[in-house]
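See below for the structure under consideration.
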Amino acid sequence: MELIVPTKKQTHEGFCLFHSTLTSKRFSGPPNNRRSKSSSSVKVLVKQNKIFAISRSKTLGRLSSVDKRPHVVETFEEFESNNYLRRLVRNGELEECFKHLESMVYGGDIPDIIPCTSLIRGFCRTGQTKKATRVLEILEDSGAIPDVITYNVLISGYCKSGEIDNALMVLDRMSVAPDVVTYNTILRTLCDGGKLKQAMHVLDCMLQRECYPDVITYTILIEATCKESGVGQAMKLLDEMRSKGCVPDVVTYNVLINGICKEGRLNEAIKFLNSMPSYGCQPNVITHNIVLRSMCSTGRWMDAEKLLADMVRKGCSPSVVTFNILINFLCRKGLLGRAIDLLEKMPKYGCTPNSLSYNPLLHAFCKEKKMDRAIEYLEVMVSRGCYPDIVTYNTLLTALCKDGKVDVAVEILNQLCNKGCSPVLITYNTVIDGLSKVGKTELAIELLNEMREKGLQPDIITYSSLVAGLSREGKVDEAIKFFHDLEGLDIRLNAITYNAIMLGLCKARQTDRAIDFLAYMISKGCKPTESTYTILIEGIAYEGLAEAALELLNELCSRGVVKKSSAEQVVVKM
């Protein structure tokens, strides 16, 4: 930029005002392909040899909102005010920044759109979309002209918070032309919400406004079409895409291959995979993983092995996801030896196993009740620097509790926090249920209190396990107390919980209370099951009223409430 200084005059407060002309170079600032290349008159405000503000008669890009006021020099106070605005938003002081923005505009200053856009983004990230919209309104009312980036940030915020109607309203009221990013953001949200018809309407509007779709636009629509109308319709969209000179990329083809696989047409998916290079697009590891997963789900292990060898031969390195797909399949089929062999080969291909590589093995060992092997592999993964996740531990704890090894389960649970893995609700529920089943409800209640202290809210499974355990131990009154705690959670109780209380009452020879509990159960809208009635019949017999119990059993059998096979089992017990 060359400065031509025909005159120099002193202004108030010691400012010197120079007029300049842009010649061959553009004004410095962020690159913008929509920036005008024409010359413009520029005013530079200088104080003590420092440039404080630049004002232009034409907009040359996204610099500051002062650019929108031709031939008006930004005051020093306005410059400082915008600086303060930038500092506040940079420090994340959103509320203070908002107040300062209001104060600025009220005082007649025009805010810079860049920090205002950042403020809009900040409010959107915290879910305050209404506040973000208010920032845009203030910006527009001040005389500043928001650019497409500002609108895109607000539209994206609305889309992420599920407010698609508000996003569309912003699109309609934009004072600048939307770009392909604007439309892609809205199309993605509409398609993810299953609103393909509305998305196609937005596409029509996009074309009418001469904003041309890119590969991302078409890929979004092709994926949604695959889900809603099938691959056949999606292929028509692919043809349209090509006819408009938009070249599909590997992501587009991956979407189509995934759709073909989901329709169960695996052979077609393999052909499509092999034909991709003829379209000038090489399949990537994700493409192969999609087909591999489909092969494994249909039991075509040999084909999966061939595809793995083929991708390696073609220079497409398998990822950890590739191996995890295969290991998971082999473990589900009980082929643990082959799964372990594949796990050991992973480093050879530059892949480091993660917890998802080991978890299927641990689950398979637990399923086959090979707890020693499961714990052995837990130690192996830790020794290799792969730390178990909560899924790993939950799998192990479930198996230990089913095997009656609740003491080991409690020990592992107590060590979890030291291993940097915080227990979740299902973790506690598993161990509480295991303890309740082996008559250790006191320890189970201690765990209940511990989980509450950690901010975890017990659910129906937690309380049902305790109610059943206490009832089995003959602590019926305590079980009823927990039952009422469960009612206080405003959860609809099922017959299993009621049956557990009735079983405890019958064992305590309090069948009359059990019958009252049956009436209470019905009054609460919970339908009794066959087990409910057989528990009561056995309870009546247990109190020495065998004849009355048998008479009631026959009556219930004749009404079809209790099956004949179940009745015969009750008679044997009586």
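Any Cβ shown, glycine's included, is placed from N, Cα and C.
Feature annotations, courtesy of TrEMBL:
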REPEAT    112-146  repeat 'PPR'
REPEAT    147-177  repeat 'PPR'
REPEAT    179-213  repeat 'PPR'
REPEAT    214-248  repeat 'PPR'
REPEAT    249-283  repeat 'PPR'
REPEAT    284-318  repeat 'PPR'
REPEAT    319-353  repeat 'PPR'
REPEAT    354-388  repeat 'PPR'
REPEAT    389-423  repeat 'PPR'
REPEAT    424-458  repeat 'PPR'
REPEAT    494-528  repeat 'PPR'
REPEAT    529-563  repeat 'PPR'
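Same-chain residues lying 6 or more positions outside the repeat 'PPR' (147-177) and placing a CB less than 8 Å from one of its CB atoms are 62, 113, 116-117, 120-121, 123-125, 127, 129, 132-133, 136, 139-140, 185-186, 188-190, 193, 195, 202, 209, 211.
Secondary structure by DSSP for the repeat 'PPR' (147-177): 23 helix, 0 strand, 8 coil. For the repeat 'PPR' (284-318), residue counts in helix, strand and coil come to 26 helix, 0 strand, 9 coil, using DSSP. Using DSSP to sort the residues of the repeat 'PPR' (354-388) gives these counts of helix, strand and coil: 26 helix, 0 strand, 9 coil.
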